[in-house]
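S.K.: Here TrEMBL flags 243, 334, 369 as active site, charge relay system. As annotated by TrEMBL, domain 'BAAT/Acyl-CoA thioester hydrolase C-terminal' applies to 215-424.
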């Protein structure tokens with residue numbers, strides 16, 4: 001039986017000690033680890049273990065050699081091998097992968113935002129690659145990673161507001177995830193922990209709503225709910241979308257007479273997927289181009305060519321109509337959406353329309369599609385259900401682990417700074 005918590009050996013004054021700080025922190029906050037009381041020049045493995053809300057186990061590990069003082073310090077010493085290399089203490093999180101023997105195609109997502117992500121970090125003698133459950137660690141520590149900061153409150157079903165430093169009202173963010181469906185709250189919870197009133201909106205066939213009814217009016221109603229909430233500053237609103245949520249964001253801010261935010265953020269999205277009618281009509285159009293899906297030698301689906309096949313001038317979102325600052329966040333190895341090509345075309349369209357000055361583009365080398373909050377594990381390919389065919393596939397998202405991890409950390413800081421800048425609030429330090 002693979003146990004998350006290992007019993008520690010009998011403590012002696014000379015036993016190895018592991019300190020992980022902070023013991024409790026937000027998921028976008030770095031931790032530091034220090035191992036002491038080791039013999040000098042001893043090979044050790046730092047190993048992290050997490051059991052997800054789906055009950056799957058995830059792990060990462062790095063190989064270290066103690067210094068002349070018998071210490072290993074995460075921010076000073078390099079991992080020489082394992083799932084990550086270099087001076088990368090957060091590699092114990094961003095390089096996590098399912099333990100051997102796990103189900104295939106897993107993705108780590110936080111489903112219960114009111115419970116922390118508990119990570120058990122252990123020190124093992126020698127440079128190990130496997131069999132951690134059969135070994136006794138030299139020392140162990142547990143750190144809690146939270147999406148919800150103390151003082152964060154729920155006011156209505158989808159609305160999360162922060163009440164830590166002031167009673168509000170707060171700038172608001174409408175948060176749209178992609179075509180995976182379901183109510184995904186963890187990014188909204190993190191936004192709330194940074195002082196925003198954030199509304200995570202479920203829009204793919206939620207309860208009592210047909211896909212045919214998910215049109216512009218649905219998103220406009222959600223925007224109005226957010227805008228009219230007493231804890232929200234009415235003229236300090238943003239829309240943030242990932243993938244399909246990004247396409248919806250571009251469509252709404254270009255055409256809607258109701259959705260008029262002060263700024264918007266589009267992560268791995270495209271203006272080639274207009275949502276000018278209902279989502280069911282967009283999916284029907286994508287279904288008509290299903291022959292453009294490419295399956296590689298690993299039986300992974302490359303989705304980006306399908307979106308490129310939708311290209312025609314009449315089908316593009318007219319981003320020249322956008323009148324608020326727009327931040328595009330893209331990875332240049334995105335295999336799902338042609339986000340980089342879309343950004344280049346959008347820049348040309350906005351230049352021609354005279355609103356190019358509103359556009360800021362962040363493009364990250366060797367990053368993939370799923371640019372999530374910092375230190376989230378990188379998923380190059382995972383199980384996925386195509387909404388428009390209900391077919392279960394393995395989707396290739398793209399990206400290389402270390403560059404993708406850098407993209408997530410850097411982009412999140414810049415997204416928060418962008419939101420604060422344009423929602424008239426002080427920029428926080430990092």
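For all residues, glycine too, the Cβ spot is worked out from N, Cα and C.
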S.K.: Restricting to the chain of residue 369 (active site, charge relay system) and a gap of 6 or more, list residues whose Cβ falls under 8 Å of its Cβ, or answer none.
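M.R.: In sequence order, 243, 268, 331, 334, 335, 336, 337, 339, 397, 398, 399 meet the Cβ cut-off.
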S.K.: Inside 10 Å of the Cβ of residue 334 (active site, charge relay system), count up the other Cβ atoms and send me the figure.
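M.R.: Other Cβ atoms found within 10 Å: 28.
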S.K.: If you draw a 10 Å sphere around the Cβ of residue 243 (active site, charge relay system), how many other Cβ atoms fall inside it, taking every protein chain shown into account?
M.R.: 27
S.K.: Which whole number is the mean pLDDT over the domain 'BAAT/Acyl-CoA thioester hydrolase C-terminal' (215-424)?
M.R.: 94
